[in-house]
Amino acid sequence: MAEGGFGADSVGRGGEKASVTRGGRWDLGSSDDESSTSTTSTDMDDLPEERKPLTGKSVKTSYIYDVPTVPTSKPWHLMHDNSLYATPRFPPRPLIRHPSEKGSIFASRLSATDDDSGDYAPMDRFAFQSPRVCGRPPLPPPNHPPPATRPADASMGDVGWADLQGLKRTPKGFLKTSTKGGSLKARGRDVGDRLRDGGFAFSPRGVKSAIGQNIKSWLGIGESSATAVPVTTQLMVPVHLIRTPVTVDYRNVYLLYLEGVMGVGKSTLVNAVCGILPQERVTSFPEPMVYWTRAFTDCYKEISHLMKSGKAGDPLTSAKIYSCQNKFSLPFRTNATAILRMMQPWNVGGGSGRGTHWCVFDRHLLSPAVVFPLMHLKHGRLSFDHFFQLLSIFRATEGDVVAILTLSSAESLRRVRARGRKNDGTVEQNYIRELAWAYHAVYCSWIMLQYITVEQMVQLCVQTTNIPEICFRSVRLAHKEETLKNLHEQSMLPMITGVLDPVRHHPVVIELCFCFFTELRKLQFIVADADKFHDDVCGLWTEIYRQILSNPAIKPRAINWPALESQSKAVNHLEETCRV
């Protein structure tokens, strides 16, 4: 065979050739009567002690694997032989540490696990229940004495299994019943239990009230027939909103957003429109008050406090207002994202001819992202940095119709006082006037965008051009110079120009202004004077309806109507369920 093959010359008799050319690790041709110098002996008796098997009979083999025949460590069930792992107590109770002990409860649980005794501790160490049916003991008798480690005040501790007998389910949660007075025997037993538990337990509501409550409970004097246990209300989680809709039915829908100062009648008009129009052709989105007041923090209460005690030029006040305005804007941004997912962006004003549908919103993202920050900026409560960060989150959709409702400041203040909201006490007439000015400034800026381009608006903000020069270069605007000057003075551009003067050379500022005016131009504004329609909601809606249908620039959008109705029902159900 050729060189490098497996011929007769390549491997000699008895492995001599292999031992000369290459010292193989496994010498399969070696024998007892041959003296080979290439491999190690495979006899089990000649192995060192550390390479012999740990147990079992030694067997001669040609291969040696360095793998022990028994495990090198103890099995899990031998390391953890505590009976707690076998049958946990049911039901679990919280672990109560002595005040003198240091360290966390988790550390105490770990130290308790190392105990080798098979007896249970007075309390369960792990808050889990046995999966076996037989692991649940029967209920204790009614007169069963409570454990010695029970909290002194039942309202301050967790509800155990023995305490569930005295609970009943109500619409407000679980209520723990307690009889007024009671028999002498029952009162004596309760006194003994509390003395055995260590006397009085002071609650964090104050020493004086705690002493009174503990004395009454020690004497067995009942104050009320039921003590409320706070339980979180179980609400439906609307995960169906993010799934692919089963029914797809695109309709022509007008997206109408009602805007204006507080007390102008936005919520009243939303409810009236849902009653005036046919139910199958209208849906609505209320003001997200539940998210503002109950999700994590109450930003509505916080902003009311800042209007009362906030200081102009204070960085802390500006940071708090920025945080509140961000939370105000989040529900509008999520709604806009959901609606954009249901929309056919290429279909404007066409599609199905089954009639026009309406979707009415209480406020637009324009309010928390532009109008209110502009008012706070004017009064110095919001810094320049925070103002432009809020301005950057503003987004709009082609076809959004913003109806600004106007009303006198005196009438608006009277309505605010009449509705009696808890956090509206800081609203004054001057505050309503400043807010109306902010709406008017944004509206004038939008009107300017109907005459000049977005690039020219940005150039006005960074002071690279002016109104006379723009009108001089355009034949169409030759006779509009005075109109544009008046609009420019009443718009938000003078304030933005003053803020951007030190940083107008920065590309970020240029791009920010360009994006903002591009989004603002997508909107369609109409103005309705609510002063002409006192106590006439139908007349006010007729005026808005007429302006929308007579404006050729306002067109409906093709939206999946079943998905939009499902989104609206989920939002309305949450507002009706959680609002007090």
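Including glycine, each Cβ sits where the backbone N, Cα and C put it.
When the candidates Arg395, Arg414, Arg415 are compared with the ATP site entry in Swiss-Prot, which names Gly260, Val261, Met262, Gly263, Val264, Gly265, Lys266, Ser267, the shared residue is Arg415. From the options 108-132, 133-157, the stretch Swiss-Prot describes as region 'Disordered' is 133-157.
Each of the binding-site residues Met262, Val264 was scored by the other Cβ atoms within 10 Å of its Cβ; the lowest score goes to Met262. The record gives Gly260, Val261, Met262, Gly263, Val264, Gly265, Lys266, Ser267, Arg415 for ATP. Within 8 Å of the mean position of their Cβ atoms, the other Cβ atoms in that chain belong to Leu405, Leu407, Ser412, Val416.
In the three-state DSSP scheme, Lys266 (ATP binding site) falls into the helix class.
Largest Cα to Cα distance within the recorded ATP binders Gly260, Val261, Met262, Gly263, Val264, Gly265, Lys266, Ser267, Arg415: about 13 Å as a whole number. On its own chain, Glu287 (active site, proton acceptor) has Lys266, Ser267, Asp362, Arg363 as residues at least 6 apart in sequence with a Cβ closer than 8 Å to its own Cβ. For the binding-site residues Lys266, Arg415, Arg421, the ranking by surrounding Cβ atoms (within 10 Å, all protein chains) places Lys266 first. For Gln325 (substrate binding site) paired with Met262 (ATP binding site), the C-alpha to C-alpha distance reads 16 Å.
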